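Novice: Before I ask anything, let me first share the structure, which is written out below as structure tokens.
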Amino acid sequence: MTQPATPAQQDAPAAPATSAPDRSGARPPLGFRLDVRNLSLLGVLAVLIAVGGFTKPDEFLATSNLQLVLTQASVIGVVTVGMTFVITSGGIDLSVGAIVALASVWATTLATQEFGFAGILFTAVVVGLGCGLVNGLLIAYGGMVPFIATLAMLASARGLALQITDGRTQMVTVESVLDLGVRDAYILGIPPLVLVFAAVTLVGWLILNRTTFGRRTVAVGGNAEAARLAGIDVRRQRLYLYLLSGLCCGIAAFMLIVLAGSGQNTNGNLYELDAIAAAIIGGTLLSGGRGTIVGSVLGVLVFTTITNIFALNNLESAVQQIAKGAIIVAAVLVQHRTLRGAD
């Protein structure tokens, strides 16, 4: 039987072990809950802002730097929204960074740029969807383990991106694309990419928490066999989820093109690490069955702020990766202890 949602739970309720989720859990008036974990992440973010303001007050608190942090968070944030859905279903996608790279270089070839803004956007999205489709077919219908299938896609997409560019940077010459990345395009001081991220986040939250698709995602992650017995087409659901992840990668690739004004085979490097880490510390259960878009967004902001502080203080990127790895391990350990306590 499904237990009523409690304030300590995440955005999307945990799936029951023996049956598909229903709507019996009480929903808060505003449709979302700032639980203990989200409040904790807000506290961590506040501490990081204080640290940044203390160590580099002039640079960190500058409006241009804060806009940069939000813009950088927007690109990886869109990828993380898709990753949250995949992890909630009990899967994993290690290929997101490579898909972003492939989509960005394919969309910035000279042939594609001849079709202007629409051609670049369309190509980036289609390439992302195509890669997601391959992942989904291999996993849902080919019976491959998500780790292996997406690892193969990671290698293939990176290799193809390198083949297309031959190691060179492909500069964007379409003015309408470049204009989105300049300060004159800001809306009330907000970069356009941040607004795109906000829109993707809102749509993702609504899908996960207010649609049958979202409930099926949670059910598949909680207990795939029980979901199948309840009438859910588990294979089709998993296919759709990897398509969704690919779509988010395509959108992120276009955003990165706007931000950098170019396409490179090194784009999206380690995005899979950042996206998985943000989702996990945000409260999405690594074993599936529970996911939170709000928590994932807060996780992205935490990691992006850490990266910015490290960069301003001239700390090596290796230190950043060590810190991220330690945070992932700590978050997983906390999840396991929490689950054991609940049992």
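Cβ from N, Cα, C; glycine included.
This is the feature table in TrEMBL:
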{"type": "REGION", "residues": "1-25", "note": "region 'Disordered'"}
{"type": "COMPBIAS", "residues": "1-21", "note": "compositional bias 'Low complexity'"}
{"type": "TRANSMEM", "residues": "36-54", "note": "transmembrane segment"}
{"type": "TRANSMEM", "residues": "66-87", "note": "transmembrane segment"}
{"type": "TRANSMEM", "residues": "94-111", "note": "transmembrane segment"}
{"type": "TRANSMEM", "residues": "117-138", "note": "transmembrane segment"}
{"type": "TRANSMEM", "residues": "145-165", "note": "transmembrane segment"}
{"type": "TRANSMEM", "residues": "185-208", "note": "transmembrane segment"}
{"type": "TRANSMEM", "residues": "239-262", "note": "transmembrane segment"}
{"type": "TRANSMEM", "residues": "293-312", "note": "transmembrane segment"}
Novice: Would you kindly list the residues that approach the transmembrane segment (94-111) from elsewhere in its chain, counting only those six or more residues past its ends and only Cβ-Cβ distances under 8 Å?
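Specialist: Apart from its flanks, the transmembrane segment (94-111) reaches 79, 82-83, 119-121, 123-125, 127-128, 131-132, 135, 147, 150-151, 153-158, 160-161, 164-165, 170-172, 245-246, 248-250, 252-254, 256-257, 262-272, 275.
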Novice: Decide whether the stretches the transmembrane segment (239-262) and the transmembrane segment (66-87) have at least 3 CB pairs under 8 angstroms, with pairs required to be 6 or more apart in sequence.
Specialist: yes
Novice: Excluding the flanking five residues on each side, which residues at least 6 beyond the ends of the transmembrane segment (66-87) place their CB within less than 8 Å of a CB in that stretch?
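Specialist: Contacts of the transmembrane segment (66-87) (Cβ under 8 Å, skipping residues fewer than 6 from its ends): 93, 96-97, 100, 146, 186, 189-191, 193-194, 196-197, 200-201, 204, 207-208, 217, 221, 241-242, 244-249, 251-252, 255-256, 259, 268, 271-272, 274-276, 278-280, 282, 284-286, 288, 291-293, 296-297, 299-301, 303-305, 307-308.
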Novice: Residues of the same chain, at least six outside the transmembrane segment (293-312), with any C-beta under 8 angstroms of its C-beta?
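Specialist: For the transmembrane segment (293-312), the far contacts come to 10-12, 32, 34, 37-38, 41-42, 44-45, 48-49, 51-52, 55-56, 59-60, 65, 68-69, 72-73, 76-77, 80-81, 83-84, 201, 204-205, 208-209, 274, 277-284, 319-320, 323-324, 327.
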Novice: Which bits of the chain, at least 6 residues beyond where the transmembrane segment (36-54) starts or stops, bring a Cβ under 8 A of a Cβ in it?
Specialist: 7-8, 10, 60-61, 281-283, 292, 294-295, 298-299, 301-302, 305-306, 308-309, 312
